[in-house]
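Data first, discussion second: the structure below is written as structure tokens.
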Amino acid sequence: MTPQDFYRTLEEDGFSLSSKQKEQFDTYFKLLVEWNTKINLTAITEENEVYLKHFYDSIAPILQGFLANEPIKLLDIGAGAGFPSLPMKILFPNLEVTIIDSLNKRISFLTLLAQELGLENVHFFHGRAEDFGQDKAFRGQFDVVTARAVARMQVLSELTIPFLKIGGKLIALKAQAADQELEEAKNALCLLFGKVIKNHSYQLPNGDSRFITIVEKKKETPNKYPRKAGLPNKKPL
């Protein structure tokens, strides 16, 4: 998918990019490739692949109608090089984006990236989701939490749902069908008062299958969740 294909596909979906937004995606690509030589950000560095498998893939929840250009508080867990939240932010500037990542070098990259792209209302924090999930400044504060290929739902639910307001939504982007994952996550979702409201499949323009699972938080998360760092992964609920 060339940049021009990317612009055209978005326009066909009703999203006509301004010259500023096109420049932001171009700068994003260049900085991603440049920084990838210093720290491991991505295995995908060829321009057409980045536009398809990072940029287009990241904004899929918007294209599929699951997010609006509103000043909602969005948290991205384990965003790595900023996916999916920063491409979403470029497309929908009204979003207020917070990223938590466990690697400080990635936070350095994201901080510089946001400055170079001129993004406002973006916040980056270094640390573990399990620790921030017990911090009152973060817990129960977000309208949406996104996670792209972070962990299976059984683990992911404990890392994300505590951050949501009641009625808030987890948007999980997956490359594989989530049916088996959701079966395994039934107990975790029950304990965390999360309800799957949508399990959506779609295709990238090249025909690759992708999946979005949306979980709504129904009640306040019990205080003991999330458990200490590492436990959700070692002993899933």
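From the backbone N, Cα and C atoms, a Cβ is placed for every residue, glycine too.
The model shown is predicted, which means the values in this text are computed figures rather than measured ones.
Swiss-Prot annotations:
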BINDING   Gly78, Phe83, Ala129, Glu130, Arg148  S-adenosyl-L-methionine binding site
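Overlay of Swiss-Prot feature records on the structure.
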residue	record	DSSP (3 states)
Gly78	S-adenosyl-L-methionine binding site	coil
Phe83	S-adenosyl-L-methionine binding site	coil
Ala129	S-adenosyl-L-methionine binding site	helix
Arg148	S-adenosyl-L-methionine binding site	strand
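Spread of the S-adenosyl-L-methionine binding residues is 20 Å (greatest Cα-Cα distance among Gly78, Phe83, Ala129, Glu130, Arg148).
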